[in-house]
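In what follows, a structure is listed as structure tokens, so that the remarks can point back to it.
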Amino acid sequence: MKTLLLTLVVVTIVCLDLGYTLTCVTGKSIGGISTEECAAGQKICFKKWTKMGPKLYDVSRGCTATCPKADEYGCVKCCKTDRCNK
């Protein structure tokens, strides 16, 4: 009986998401990039390109709760795995 109870506890711990925190690449293309753990409720990484001129884009990355909209002359990539927005 104790073995069954212990097995159930172990299976429960393995199957539950106990405080998993998403890690995203953050920063701008000009200021350098790093990684950070996202705050509670932020379960999406994003990478946003904004066209600044011919062949010139400003790129920003980070964590978000909802995928941001692309600007008229840009695009956005959203994803949900660690460092998927490189």
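Here the Cβ of each residue, glycine as well, is placed from N, Cα and C on the backbone.
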For this session: Consult Swiss-Prot and report which candidate among Cys78, Cys79 shares a disulfide bond with Cys84.
Result: Cys79
Exercise. If you pull up Swiss-Prot, which of Cys63, Cys67, Cys75 shows a disulphide to Cys38?
Worked result: Cys63
Problem set entry | Second cysteine of the disulfide that Swiss-Prot assigns to Cys78, among Cys45, Cys67 | Cys67
Seminar exercise, completed: The residue that Swiss-Prot pairs with Cys24 in a disulfide, chosen from Cys45, Cys75, is Cys45
For this session: Rounded to the nearest Å, what's the C-alpha distance separating Cys38 (disulfide bond) and Cys67 (disulfide bond)? Just drop the number here, would you?
Result: 14
Seminar exercise, completed: For Cys67 (disulfide bond), the nonlocal same-chain Cβ neighbours (under 8 Å, six or more residues apart) come out as Ile44, Phe46, Val76, Cys78
Problem set entry | Inter-residue Cα distance where the pair is Cys24 (disulfide bond) and Cys84 (disulfide bond), in Å | 7
